[in-house]
Amino acid sequence: MNCAISGEVPEEPVVSAKSGLLFEKRLIERHIADYGKCPITGEPLTLEDLVAVKTGKIVRPRPVQAASIPGMLGMFQTEWDSLMLSNFALEQQLHTARQELSHALYQHDAACRVIARLKKERDEARSLVAQAERHVPMPASAPISVNASAVSNGRAAAVDGAVPGGNNVRPGISASVFEELTECNAALSQQRKKRQIPSTLASVDDIERYTQISSHPLHKTSKPGIVSIDIHHEKDVIATGGVDTNAVIFDRSSGEILSTLSGHSKKVTSVKFVARDDFFLTSSADKTVRIWQGSDEGNYNCNHVLRDHNAEVQAVTVHATNNYFVTASLDNTWCFYELSSGLCLAQVEDTSGSEGYTAAAFHPDGLILGTGTSEALVKIWDVKTQTNVAKFDGHVGAVTAISFSENGYFLATAASDGVKLWDLRKLRNFRTFAPYDPETPTNSVVFDHSGSYLALAGSDIRVYQVANVKSDWNCIKTFPDLSGTGNVTSVRFGPDAKYLAVGSMDRNLRIFGLPGDSDAMDFETMNGKRAGLEAYIGASCGDYNCRNPPEL
């Protein structure tokens, strides 16, 4: 009787109650902990399915070589020769590694000297430019039309009086834009009345069986941390924004990095797909927002760099028309942009407070905007009039995330004290989740696209089944933070809630779904090194860098 894994006689034999196969206890327990299934048949298997087999003490027979003294001497000589050859090979590898390390250190030292020289030249050039600007007389002012500033929409706009981060004159939201927003609202409201939960939606039983099915090292090891995630449901493509200043576009089905977007100088705080023309948005702690667009070659080019905020831009949210978007910043303003031109139509500041905005999301119908502030307030805005129509208080700490349900009735907000659910019809809080201790904030909260499930993330990931105001919202599944950082920063549902994409303060994107899913291969063992290498090369070589984009 031999073990089905090692092929040797087991020391502690156990039998699977499902398949009847014999295993070494320590080997099968480790396999079940990693994969949760039988290594031979592939069927789900738990420790409770194992039955211990009681046997007598096994006496292993001596090998033929150990039956005589000459045989043992020969065996020892063979092992000694193998050890010496192995030691010689290790010494050669050590010598080669020392040479490579010496060469790499030399290159690093040379690169540091070049960077220092370039920084010194840059600072000297900036100083000369500043001195020249002080001595050059200002030209006579000329009338500037709104249309001219809208058409320029680039570096010329900053020269013509639009100071980055200043209180610039905005053209405002026109009547035609209002009409477009109203028509979209009417159409979506009518569709929502006829909306039915799709038959392909993952069931509660499926979600209870979810486990980690893949892990992908997308960002740099020098500055680990995934801050934001978004998913293009039609293409099943995932975007991540990292502390390493890069955004990564990742194809889940193939396990390959499609593009690494470089250009921001600080961490990428928010990423958002636009469901038309391959547009993609990123915001950053460097006070800028970038509009990217995919090309036929698969690369993403930066069309515009938006510099209308004078503090960190914390959130980007796209309107249901896919023609407009809003950015929210710690400078206590939010901006309404036209996507195609990158023109800021309106910049709204709430004069009643000085807190900055830390989160933002459009209502599914598009005429309401929700924002979270650094002082624990949730503000609801009328987009057409740009006025604050409601305020929700009760949180502790900055509001880290907000999400509207698909039916438009519920709003979920996250902060240091957990998650609060708000009834938008009665403007009141009807339920609070406090899953963590006071020192552990809830970093992310999101409804799935059907409005059937709610996920939140902090020191772990939890999925709740959405109910009504009076019924209990039951916790279906709790996933541990496998990054080891204890800080899950972002979670998103895949199409039909078939999987969850999770980002933490390490560099790995983790996918949770049904074990054995045919669409989810274990890329950590097959393509993990390749994906990490592509991420490093893309970030280092700058293949997708934003090169001289127009500044707004």
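Cβ coordinates are placed from backbone N, Cα and C, and glycine is handled just like the others.
According to TrEMBL, the features are:
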type   : residues : note
DOMAIN : 1-70     : domain 'U-box'
REPEAT : 261-293  : repeat 'WD'
REPEAT : 306-347  : repeat 'WD'
REPEAT : 350-391  : repeat 'WD'
REPEAT : 392-432  : repeat 'WD'
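Taking Cβ pairs closer than 8 Å, the repeat 'WD' (306-347) reaches residues 150, 153, 158, 164-168, 170-174, 177, 180-181, 184, 188, 266, 269-276, 279, 281-291, 353-362, 364-366, 369, 371, 374, 381, 383, 386, 550-552 in its own chain, all 6 or more past its ends.
DSSP places the residues of the repeat 'WD' (392-432) in helix, strand and coil in these numbers: 0 helix, 22 strand, 19 coil. Per-residue pLDDT, averaged along the domain 'U-box' (1-70), amounts to 86 for this model.
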